[in-house]
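Visitor: For A:34-56, A:68-86, A:118-141, A:148-166, A:194-213, A:247-265, A:285-308, A:320-341, the entry in TrEMBL reads transmembrane segment.
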Amino acid sequence: MTLRFVLLGALLVLAVMPALNRLPADSALHVSDFLISITGKWITYAILALAIDLAWGYAGILSLGHGAFFTLGGYAIGMHLMRLIGTRGVYGHPTLPDFMVFLGYKELPWYWLGFDSFPYALFMAMAVPGLLALVVGYLAFRSRITGVYLSIITQAMTYALMLAFFRNDMGFGGNNGFTDFKELLGMSLNTANARAVLFYASLVLLVVAFFLCTRVAQSKLGRVLVAIRDAESRVRFLGYDVTQHKLFVFVLSAVLAGLAGALYVPQVGIINPGEFSPGNSIEAVIWVAVGGRGTLVGAVLGAFSVNALKTWLTTVAPDLWLFALGGLFVAVTLFLPRGLIGLFSKAKS
Amino acid sequence: MSGGSGNPVLYLDGVSVVFDGFKALNNLSLFVEPGELRAIIGPNGAGKTTMMDVITGKTRPTEGTVRFHQHDLTKLDEATIANLGIGRKFQKPTMFDALTVFENLELALKAPRGPFACLRWILTGEARRKIEGVMEEVGLGARAHDRAGVLSHGQRQWLEIGMLLMQDPELLLVDEPVAGMTDQETEHTAALLVRIAGARSVVVVEHDLEFVRALGSKVTVLCEGTMLSEGSIDHVQSDPRVIEVYLGR
Amino acid sequence: MTALILRIALLLLLALPARAQDAFIAALPGLAGGFSDIAASVDRLGALGDPRALPLLRALQEGKLQKTPDGRLLLPEGAGTADAVTGQPADVAGAEAVRLNNRVRQALRGALGRLQLVSPDPAQRGAAAEAIFRGRSAEDVPLLQAAIAREQIPAVRAKMELALAAAQLVAPDEAAKRDAIARLGAAGSVEARALLIEARTANPSLAAAIDVSIATIEKQLQIRRMAETLFQGLSLGSVLLLAALGLAVTFGVMGVINMAHGEFVMLGAYATFVVQELCRGTSWLVPWALPLAVPAAFLVTAAAGALLERGLIRHLYGRPLETLLMTFGVGMILQQAVRVAFGAQNREVLSPSWMQGTLTLPGGVAVTQNRLWIIFFGLAVLAMVFAAIRLTRFGLEMRAVVQNRRIAATMGIRTGRVDAMTFAFGSGLAGLAGVALSQIDNVSPNLGTGYIIDSFMVVVFGGVGSLAGTLVGALTLGVVNKMLEPWAGAVLAKVFVLVAIMLFIQRRPKGIFALKGRAAES
């Protein structure tokens with residue numbers, strides 16, 4: 001009960017933040033541009049955390065490659081943003097992005113077609129991660145690759161994607177990726193207005209994702225997933241096709257991650273293959289672990305708290321951050337298996 | 001004694017399973033009639049659990065025929081076999097510890113099993129009554145909302161039998177159901193299995209000869225992966241080969 | 001009478017070696033003459049093949065040969081000068097240096113090249129043969145034939161024979177040409193191919209024979225390229241093997257997933273660096289730094305492993321996903337600690353002199369020595385692991401604990417200690433991999449991250465818990481990777497291999513060397 005009030009309060013605070021941003025800078029309640037953009041970024045991280053928690057906390061699928069789904073979603077929107085730059089690029093080419101002109105492309109590669117349309121780009125931001133999850137998941141789950149094996153396969157997946165996207169001839173800008181975006185849906189990106197719109201869009205997606213995940217978790221499907229997590233072969237002997245259930249949740253989770261990435265990129269203004277690095281994915285997993293896996297609130301809480309710690313620590317003592325992050329991995333797994341949420345519920349009882 | 005009348009529910013013929021040169025099952029044949037209650041006994045390593053694994057699709061036989069009605073079980077996976085109507089209770093009771101007794105039974109309840117069906121699933125009054133009925137039957141009515149992880153060993157055995165009943169299978173494979181039960185519980189279990197049989201076929205693997213006697217069913221003795229003797233409990237107990245296997249040579 | 005006979009006998013004895021000397025001495029006076037005399041004289045000296053002509057012509061080339069007004073030649077000898085004919089110390093008064101023009105210089109180059117063929121230094125003889133090969137002329141044929149007859153060292157003789165074939169190609173003798181073409185074909189080098197292509201236009205009548213030889217060379221070159229690719233693949237494979245062997249113990253045998261394994265490899269490389277720095281002060285120790293680093297790196301990483309197992313991992317037994325995350329965090333801390341302690345830049349670890357350079361195997365396959373050493377090192381470590389697991393008491397206890405912990409404990413095996421030792425052993429192997437990697441990769445804090453995923457792939461691909469699988473897996477991955485590289489590029493080759501492994505696991509989820517039966521169920 002109290003938790004619900006805290007959540008509602010937090011949501012309310014988030015909801016008024018862009019409005020407070022419009023207050024004069026000397027007002028006590030003024031919220032800085034920096035705080036708006038960083039909170040907007042964290043909200044997309046929280047959605048990613050929800051996606052990971054749904055797969056890991058409920059179905060026991062510890063994916064170390066969710067950063068890949070997130071990044072693919074980001075690239076899809078990034079492609080749209082690149083197309084929208086148009087003649088404002090350095091080379092001023094009407095259709096080709098700068099890096100393509102630089103690399104001597106004569107026309108757009110076929111897979112870039114259609115990305116001038118926002119709905120298409122948004123669709124691809126979901127479809128590409130979803131399809132990748134479907135293929136990888138099908139191959140892995142069908143062969144009953146579980147536990148750490150699955151984790152390593154997914155890690156290899158994001159690693160392979162990183163290597164591939166670093167190549168110039170993939171047609172995704174090589175190691176520079178995409179940046180210098182100008183506008184989205186007719187809004188110039190570097191305005192308070194655009195920041196507020198993207199912030200609210202992220203917040204709405206977070207709320208929707210939260211309720212969607214809650215719906216799944218509280219349905220019989222959620223209980224089947226927990227059963228799969230705890231005793232996979234027993235579920236088979238009850239007549240459930242485990243592959244189908246795992247695939248459902250894995251693809252759903254990948255689509256959510258892709259959408260989160262799609263909202264992340266216009267807010268941070270850059271996307272490059274570094275986002276595919278296995279370290280990013282595993283860092284996102286630790287958000288969930290810190291918050292408390294298997295509880296959706298925990299995932300969101302973890303994403304916000306770890307990233308707040310990161311932002312603070314990397315400014316006051318940059319050398320310490322990696323020690324702190326590594327320490328979090330150790331401390332959470334050894335001493336706090338149920339995360340911060342577990343700490344709260346222990347304190348309550 | 002093999003064959004019997006017309007159409008057996010379960011039909012194993014010449015089944016062998018070889019692990020790295022070790023023959024866990026050796027040319028085993030077994031027939032179970034509709035509605036029959038069958039007890040299977042045998043010393044450790046006789047192949048009882050491997051036989052269950054073969055029937056439920058966990059292990060593929062190296063050679064031989066395994067049929068459930070007209071279905072070739074050697075080609076199907078665990079879930080499909082379970083959905084054909086074969087339920088299994090494991091030697092070590094396994095259920096979902098994080099879920100409550102009620103939820104465990106709800107998962108076992110015969111209903112569409114796909115992810116979308118599960119997402120849309122709504123607990124109807126009829127389903128609830130069925131679950132509550134089974135909970136009464138296995139004596140867990142008072143513990144409906146306790147997590148399965150906190151149950152005692154005997155209660156876990158009961159819960160697993162309850163899950164088997166929820167599946168409403170045509171053939172039940174029950175592996176050592178009374179291990180860790182008190183005498184009274186053992187009696188209760190025997191009575192329950194006898195009652196269940198008739199409407200469906202039940203195959204019970206057990207060490208406890210008193211329990212097998214209480215079942216009053218036909219008994220098959222397995223040894224070193226093959227059938228040693230078959231008949232009434234008195235018949236097999238007087239079979240010199242069985243005596244030799246159990247008492248040593 | 002006796003005196004007369006003695007004198008004649010003495011003269012005869014002296015005359016036998018003196019006949020060749022005569023020709024040498026007879027060629028000398030020209031050097032004191034005009035430019036054309038000097039050039040003629042140099043040519044004659046070059047054609048004679050007398051070893052004593054070498055210092056003389058070198059002195060001439062360097063402008064240190066002097067002539068006196070009476071036509072004697074003086075060579076620098078130690079601090080002073082000596083008469084070129086008698087070898088006696090001589091007075092330099094009035095002497096002046098013999099001067100050169102371009103025609104003389106050209107003659108000198110040719111003559112010196114030929115004379116080096118009789119040098120006592122095999123490297124010089126080889127270089128001379130190569131020089132003749134490049135500037136070949138028909139006159140070199142007899143010279144080379146004589147040199148080949150004398151030559152004892154096969155590698156030098158092969159070079160001379162190649163040069164002979166080249167010289168014969170430009171000589172008028174048709175039969176010798178055909179013979180040369182066949183021999184060039186058999187030699188199978190890039191140079192021989194260029195030579196044949198050149199000869200093809202000059203000798204239309206021999207085109208068919210030349211084409212056959214060129215085809216032979218192409219085939220040989222292809223085989224050599226394949227052999228070199230194979231070597232590179234084996235080299236990469238042995239690196240993967242070293243990195244994966246530790247995992248084969250900790251993950252394969254114990255079932256503990258240690259994501260800090262790559263960082264242990266990195267620690268091993270830094271241990272090597274530290275040992276090198278410690279040895280730097282003592283000059284006789286420097287070549288031994290690397291062998292000393294082997295036990296040092298093993299001990300450092302084994303200690304780190306034992307600490308990690310006792311301190312942290314043992315609390316997470318039976319929870320592999322948590323172990324994975326926890327050890328990833330440990331890896332992060334180790335990486336950052338090394339970055340703070342040693343700096344983020346690459347550290348240089350030198351190869352001892354006996355590991356440097358390249359080795360040319362028969363057939364012209366060039367292999368770098370340090371990579372060859374790493375292949376041997378990898379196989380040696382594999383043998384050591386096999387022996388440790390199969391032949392020692394520790395290995396027996398380790399296998400017992402893995403198979404049935406409770407029964408092992410009741411038989412008096414201290415399972416906790418065995419766990420710690422097994423994990424320490426596997427971690428120590430990572431340290432050994434670090435020693436090897438310090439020779440071929442940059443020693444930096446993130447050295448290990450590049451290898452960890454590949455190593456896991458090796459273990460999974462080969463079959464968890466099987467040393468033979470790890471060996472085959474590592475070598476296969478290495479060779480396949482290198483074979484794909486020229487065709488797909490290094491990065492895409494890696495991507496292909498990763499995808500191929502994922503597909504392979506579809507067919508054989510338990511790897512190439514899968515355990516079967518009940519043992520595989522758990």
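Placed from the backbone N, Cα and C atoms, the Cβ positions cover glycine too.
Please treat TrEMBL annotations as automatic predictions, because they have not gone through curation.
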Visitor: Under 8 Å for C-beta pairs, could you tell me which stretch among A:34-56, A:68-86, A:118-141, A:247-265, A:320-341 has the largest tally with the transmembrane segment (A:194-213)?
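Guide: The stretch with the most contacts is A:34-56.
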Visitor: Give me the stretch from A:34-56, A:118-141, A:285-308 with the greatest number of Cβ pairs under 8 Å to the transmembrane segment (A:320-341).
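Guide: Ranking A:34-56, A:118-141, A:285-308 by Cβ pairs under 8 Å to the transmembrane segment (A:320-341) puts A:285-308 first.
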Visitor: Should the transmembrane segment (A:34-56) and the transmembrane segment (A:118-141) be scored as in contact, given a threshold of at least 3 Cβ pairs under 8 Å and pairs 6 or more apart?
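Guide: No, the transmembrane segment (A:34-56) does not contact the transmembrane segment (A:118-141).
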Visitor: I need to check the long-range neighbours of the transmembrane segment (A:285-308): which residues 6 or more away from its ends have a CB within less than 8 Å of a CB in the stretch?
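Guide: For the transmembrane segment (A:285-308), the nonlocal Cβ contacts are 3, 7, 41-42, 45-46, 48-50, 52-54, 56-58, 62-64, 66, 206, 210, 213-214, 217, 325, 328-329, 332-333, 336, 338-342.
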